[in-house]
Amino acid sequence: MSTLTVRKAAPAAGTTPGTAQGPPLRRRIALVPTATLLLGAVYTLMPVAWVVIASTKSGRELFSTFTFLPGTGFADNLKDLDAYRDGVYWTWMGNSALYAGLGALLSTAVSAFSGYALATYRFRGRETMFNVLLAGVLMPPVILAIPQYLLLAKAGLTDSYLSVLLPQILSPYGVYLARIYASAAVPADVVEAGRMDGAGEWRIFTRIALPMMIPGMVTVFLFQFVAIWNNFLLPYIMLSDDEKFPLTLGLYTLLEQGSNTPALYTLVITGAFLAVLPLIALFLVIQRFWSLDLLSGAVKS
Amino acid sequence: MPHTKRRRLVTTAVAVSLGATALAACGSEDDSKADSGPVSLTYWTWTPGMDKVVDLWNKGPGKKDGITVTVKKQASGDTLVTKILTAHKAKKAPDLVQAEYQALPTLVSNDALADISGEVGDIEGKFAEGVWQQTMLGTDAVYAVPQDIGPMMFYYREDLFEKYGLKVPTTWEQFAETARRLKEKAPDKDLTTFSANDSGLFAGLAQQAGAKWWTTSGDRWKVGIDDAATRKVAGFWGGLVKEGVIDDQPMYTPSWNKALNTGKQIAWVSAVWAPGTLTTAAPDTKGKWAMAPLPQWSLDQDVTGSWGGSSTAVTTDSAHQEAAAEFAAWLNTDHDALNALAKEGGIYPASTSAQLSGAFSHPPAFFANQPDFYSKAADIAKTTAPSAWGPNVNVAYTSFKDAFGAAAKNKSDFTAALRTMQDDTVADLKKQGFEVSR
């Protein structure tokens, strides 16, 4: 099914005359990818729609009314969430923003430096280093959480903001992406030209290479931001003070309150809904940097 | 690898820690005096509103003794046990932790909990024997102070029982008969459901039947999950599911909530905390439920199991174990503390004197139609059967969910699923390096 789609869709997208076989066929071909994409969209948007609608339901309506029928309790849910333990939810939201914002920014900076260095300089052990990084990409961060905890405990840093920020600053995937992107977007000729004109390496990087790498770095930033925003296990193990919790952990404590206390479903659902909004906003704002991605390139070859 | 590592059994751990405390007592008579300066303790707990209860301590007895407690609210469940053990590996566990009874052996076999028998031994009389015994793990040590308990009870829709002419079952045989009669009169309704998701419920039912899943003899563990008592329970529920007279869907799902709220399911085998759950799960049925003792296996018996409940424990990492034990004892026996715990955290206290006072002199709002709810509950709590937990309850529980989930779905033999559960648990114990006797 998918191979069929690709094979048929490819000529339709191409502009070479002669492969075009008339309008009726074209329309029919476009139908398959469109339908596939629509199906994918429905599949991914369904849970989002569920959260949006469920967050409008009051506790009484949540499990008794039809799933996709909006409820009447949104304002009350917001008020309850805001009042829960003197608004601790907003503290969690602020913590998440700090971990994800600062973490992603630092991580992008580290990725940009190292990716650029790996792409432009030839030095001993470069390939080995890159291969180790690649292995790091394959390593799920989940299995690193406990060793990282034990290391940070030795340094006396557990249960601090740093304990969540530090381990997430180096992202093997970010470095990998930055290297690939830098070698594609920053041609060696340009770097060479900079050197001929007498620019130092730092100047070449900040003034010439970095602007060329921006779209790629935006991607790294977004990836890291979302990854940290959604991260659960690392903060779960590192933090014990719930004033430092990010949203993921905070909402989890609302769900797991012990067997004699019912889970605060309406609060969790409303909280989850609000937690997606910053991500959506971020994507909408940053999208315009992204569209550059396809057009960018310094030299035509 | 596993055979090189031989974990200490609870009993040996006790011997060692007893020796250690004896040594410490000889060498450092003055150390305990150094303790008398201001002490600050951290406490991991999931009970809602615990910070308010702890405030009472910090402003009252704690202030007098110079002991300040800080609450760090956590999520409950197995993951918290993992978190405590990870912290303990780095010697960073908090001074006090809340732990479910079935988690105590895991924590103790990892040497994470301190023996506080010297500090809290004198409050033993405030708790039912079967409850206190859960904190001793068959040794002379005391590893925790009981906080709340979950004696099991039978909940039913009073109005619908009357409508269909059903009698409240006092034996499990009558329970099966009631399920059948309801099916005859209203084929679209079920008496209740067998949930393969709730291992704690099944464990409680087995406990009522007299099962002892984990016991020790000498320095070996013995696993009795596939024993006669549990087989009886598994066979009973498996038979009802196969017969089709009860539902086989899991609990705590939206559709289960709906079934309770609309009266599609008209009874629930649960524990003392059920009113809280029903309040959110079935808001439209307020005042229509009633509570009765759990059905018995034979008429001359009067015994129940427990589902849930937790304790307050002091960790070996704490530098102020004595102060921490003092707080744990206050929290779970002081009249004002327990009253606040009931009000803020909605717990049902383990301390017997608190079960009838303060917050428990009125029935829960959802059961306003049953004025003697809590006096009945206190009577039932006294009949709680002793329980026997081991160091890998989580493995047994996961195995239960898988094996019984499949069996309920295929309406196949529950006793085969029970054998799987037994085998998985024994295999894991061996893998962890414990000695297991057959």
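Quick reminder: no glycine exception, Cβ is built from N, Cα and C everywhere.
Heads up, TrEMBL stuff is auto-annotated, nobody curated it.
Feature list (source: TrEMBL):
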- A:9-21: compositional bias 'Low complexity' (COMPBIAS)
- A:93-286: domain 'ABC transmembrane type-1' (DOMAIN)
- A:1-21: region 'Disordered' (REGION)
- A:29-53: transmembrane segment (TRANSMEM)
- A:97-118: transmembrane segment (TRANSMEM)
- A:130-150: transmembrane segment (TRANSMEM)
- A:170-188: transmembrane segment (TRANSMEM)
- A:208-229: transmembrane segment (TRANSMEM)
- A:263-286: transmembrane segment (TRANSMEM)
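The stretch in closest packing with the transmembrane segment (A:130-150), judged by the count of Cβ pairs under 8 Å and taken from A:29-53, A:97-118, A:170-188, A:208-229, A:263-286, is A:170-188. Two recorded stretches are said to be in contact when at least 3 C-beta pairs lie under 8 angstroms, sequence spacing 6 or more; the transmembrane segment (A:208-229) and the transmembrane segment (A:29-53) fall short of this definition. Under the criterion of 3 or more C-beta pairs below 8 Å, with sequence separation of 6 or more, the transmembrane segment (A:29-53) and the transmembrane segment (A:263-286) qualify as touching.
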